[in-house]
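Report on the structure given below.
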Amino acid sequence: MGRKRLDPRGLQLVFGAFALIAGTLTAQRPDPPHPLFTTAATYGYAVAAVLSIVGWFALGRPATAAYARRVLIVFHLIFVPAQFLFLLAHELPWLGMALSSAIVVSQRPRFPRLGRTSRKVWLTLHVGIGVGWLGVATGMLALAIIGATADTHETQHGAYLMLHRFDLLLAIPSAFLSIITGVVVSLGTPWGLLRHWWVLAKLAIALALPLLASFEGPWIEELEARSADGVIETGTTGLLLTGAMGLFAALLWTAVILSVFKPGGRTRWGRPKGEPRRTPRTASTGAARPAPGVALAPPAGNV
């Protein structure tokens, strides 16, 4: 018996209801910590709710189903990282990102390959932004350590003030752009997004980092406010923040290592039909025999 497919129309209807609720709750939140992101989330979910209802109707009509499918795939691919930014306004976008991802998977999209020049441009952007993100994370770790160990008010408060600015102005945009460019490079090349374990592991890291950031942000704001009037004992919060920033940097270094060594081979979604999970060995020589038609080298034209 084959696996039951996700219902694209049903998921779209569920997402429309979710977007309506999420936008309403976000707009009604008293004293939002980041008004700009609160406004963006409110209007973003309003647009998503309308598009979801229209998409639900369009997917049910043969004349418009194909066009609606393409529009919804592009929208949700963009809306997943956009909802990461909405986390600065509310916690509900975690569920929204999961629903958007499920909708994209349910549509079983096929993406055109990037041309040679386009691939190099997107890859350059992805590598450059990723390196910048790693540098920002390392700098934030240093600032967290300085803030936790400082013995003067100017040094301590200045460290947490800079840490907050780094978080809002550098870390969040870097994460957003790194995820976007990484998805484009993965889907536009033979590597794919789910075909190889190292790409899947990098995707898991990219999605785990915003979760970690949702804890780290409030800790930074708390320590910045508390240190405004004098030197403070940072206590558990300072220790947690330093540990979180260390874990952040370690995960980004792990992503770098995965990109260089590319361990793990293909996933179940990346193996050609009929290819065994492990390549059998011949009885006479013990050497691995490649499956017919399967190249031994990685796909050409990729890094």
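Please read every residue number as a count from 1 along the shown chain.
Including glycine, each Cβ sits where the backbone N, Cα and C put it.
Whatever TrEMBL says is automated annotation, not expert-curated.
The compositional bias 'Low complexity' feature in TrEMBL is assigned to 286-303. Under the heading region 'Disordered', TrEMBL lists 268-303. Per TrEMBL, the feature transmembrane segment maps to 36-59, 71-88, 123-148, 168-187, 240-261.
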Close approaches to the transmembrane segment (240-261) from elsewhere in its chain (Cβ under 8 angstroms; 6 or more beyond its ends): 130, 133-134, 137-138, 140-141, 144-145, 147-148, 198, 201-202, 205-206, 208-209, 212-213, 215-216, 219-220, 223, 234, 303
Remote residues contacting the transmembrane segment (123-148) - C-beta distance under 8 A, at least 6 residues beyond either end: 155-156, 159-160, 162-163, 166-167, 170-171, 174-175, 177-178, 181-182, 184-185, 223, 227, 234, 238-239, 241-242, 245-246, 248-249, 252-253, 255-256, 303
